[in-house]
Amino acid sequence: MMDQNHHSDKTAETQPSEKKTTRNCCNGFKMFLAALSLSFISKALGAVIMKSSITQIERRFDISSSTVGLIDGSFEIGNLLVIVFVSYFGAKLHRPKLIGIGCIIMGTGSILTALPHFFMGYYRYSKDTTFNPSENSTSNLPTCSINQNLLPNRTSLEVVGKGLEKDSGSYMWIYVLMGNMLRGIGETPIGPLGISYIDDFAEEGHSSLYLGNLLAVTMIGPIIGFILVSQFSKMYVDIGYVDLSTIRITPKDSRWVGAWWLGFLAAGLIAIISSIPFFFLPKTLNKSNKEKKASASSVSLPMKNEEKSQMASLTKTGQNVTDTVTGFLQSLKSILTNPLYVLTLFLTLLQASSHIGSITYVFKYVEQQYGNSASETSILLGFISIPSLAAGMFTGGFIVKKFKFTLVGIAKFSLCAHMTSFLFHLINFALICENKSVAGLTLTYDGNTPVASHVNVPLSYCNSDCNCDPTQWEPLCGSNGITYMSPCLAGCTSSSGSKKSIVFHNCSCVEENGFQSKNNSMKLGECPKSDDCKRKFYIYIIVQILTLFSAALGSTSNIMLIFKNVEPELKSLAMGFHSLTIRTLGGIPAPIYFGALIDRACMKWSINNYGKQGSCRLYNSLLYGHTFFGLTTGLKFPALVLFVVLIFAMKKKYQGKDIKASENETKAVNEANSGPLINDAKVDHETHI
């Protein structure tokens, strides 16, 4: 009787203790989930701000598109530097603290990216404009002065400019590259370690729900990012330092640079703030007895017997390091000699390269092609891409689950989705605008005759005696709809007013209806795009929505094809190697070669104080459009061909087998989620799509 009472007392004591442990576990897990959500938001925020600020960075540092592509690719370089360390050692160390450290490094990288703004001095958008801290702004735009040599005055202006500020075309962009690389290093542990922690300590069967909610909450980051970039792009880069009433360019000017640095400061501060909770979380969360037996992928727990069991599981794969390396090489050989995996790897690499290059330069394309400002472009692309991608992914996942496709059926569905996206993509070629009419680039300086090449166009009778600087870019719009590169090259002999309201008179190169008019007046600014181009822009928006939606339909299927065509024990390695390949051969080189080919479409380069080529002021619209879409088409089409080959190969292998996608799906997903590198691969692939 006494033994029974003692047993009941012991049970009564154990139950409150277990409830307390469970409650603490839940509280700790909820805190971790909230902190991880904020870190995912800051991660997505930083990525959107970088992509949206590409054009601003290019102009501010006076660099080419290929150099900007290198800066953009440095994120993947930073990621690759530590991804192996994170994948192997991350699960054995204190994961929350590692994520916290990653957030701090990511935030530091964003702040480092913005720092050059504070050391570079004032932005000079014109070689004939200097900024003085005491006078705020002076301008001296040379007009046509016959038989007078203006070169000494221009030179003196340049010397004054050098004394007042550092050259914007210097190597300060290297700090932006280093900051972006640091951001890549810091971001590496957040995704894989965060997802594996959720998988280990979530209630049984709830990890998928938590991961879905996490990815849904992450969409807040891009939304905030697009809104911030849109607002900051309207602000002049040196806001707070110069009198804005003295700035004569507008946000639609090809030389305008917005307050790009504010976005990186905001992203950096949010990332650092998101790191704080992780340092107060435990290495592990104690599960109840029922939950402990359900954990299939649990990692190091702070108990000696569990550590011993981990060591035992390691020794099963090999008694020493040599055996482990040999086993790894054999596994790697196994997936690389699997034709289905290799085909999937190459086609997803081509697709990812196309997406990465397109995402990097689509903002610049819309600005240059349709004449939109950076602010308008950012908010527009943000609000058509996010809903389109989200709706496409949801619909694609629903269709696959609803119709319970076989593995070959999944491949066919993915092919149909990407084929539809490709056909919509081809419509973009018909939406490319004609080149602007620019005297000295597409037309002779008198505006009468088209030229075969924009290189070394000879001066005309109206400006040959004006002693103009051919490198100057101060565009004016004539009443005839032709843009002139500068008041001097337009043959203007006088001006009135100042700053934004300045008007130039007696512009001899401006002709109306074939007759020269000496009394023509002109204002600063390029001529707007034609009405036909504006109509094409509205169609372009619709086409982008359809293209993104149809591409997103097949994104989930692509992920499934990667790990379902290999042996179950090789799923983790297959996803990890896929992620490594995409980052190395897609994420790093794609922005660089896209940028290098886009540079070839430039008609007017800026020239910095040292006489070196800077950033592009004006592109050949036709060549830019054909280059941009030609590259993406050249990557998408071979991917479709490989898709067809993959389907035939899968039919041959699975002939007579009815392999449903739903079979052992939970097991497959759990196995694919078991390694930190793998989770990173899945999230990264979805981001690229």
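Cβ atoms are placed via backbone N, Cα and C, with glycine included.
Heads up, TrEMBL stuff is auto-annotated, nobody curated it.
These features come from TrEMBL:
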REGION    1-21  region 'Disordered'
TRANSMEM  29-50  transmembrane segment
DOMAIN    32-651  domain 'Major facilitator superfamily (MFS) profile'
TRANSMEM  70-91  transmembrane segment
TRANSMEM  98-119  transmembrane segment
TRANSMEM  209-229  transmembrane segment
TRANSMEM  258-280  transmembrane segment
TRANSMEM  340-366  transmembrane segment
TRANSMEM  378-399  transmembrane segment
TRANSMEM  405-427  transmembrane segment
DOMAIN    456-511  domain 'Kazal-like'
TRANSMEM  537-563  transmembrane segment
TRANSMEM  628-650  transmembrane segment
The transmembrane segment (405-427) versus listed stretches 29-50, 98-119, 258-280, 340-366, 628-650: most Cβ pairs under 8 Å: 628-650
Average pLDDT across the domain 'Kazal-like' (456-511), rounded to a whole number: 83
Outside the transmembrane segment (258-280), six or more residues from its ends: residues with CB under 8 Å to it: 31-32, 34-35, 38-39, 41-43, 45-46, 49-50, 52-53, 56-57, 60, 96-97, 99-104, 106-111, 113-114, 117, 179, 186, 225, 228-229, 232-237, 239, 251, 374-375
Same-chain residues at least 6 beyond the ends of the transmembrane segment (70-91) whose Cβ lies under 8 Å from its Cβ atoms: 50-51, 54, 57, 98, 109, 173, 176-178, 180-185, 187-189, 192-193, 196, 299-300, 360, 576, 579-580, 583-584, 587-592, 595, 675-677, 680
The transmembrane segment (378-399) versus listed stretches 98-119, 209-229, 340-366, 537-563: most Cβ pairs under 8 Å: 537-563
Contact call for the transmembrane segment (29-50) and the transmembrane segment (209-229): at least 3 Cβ pairs under 8 Å, seq gap 6+: yes
Stretch with greatest number of CB pairs under 8 Å, the transmembrane segment (628-650) reference, 98-119, 209-229, 340-366, 537-563 candidates: 340-366
Three-state composition of the domain 'Kazal-like' (456-511), taking helix and strand from DSSP: 3 helix, 11 strand, 42 coil
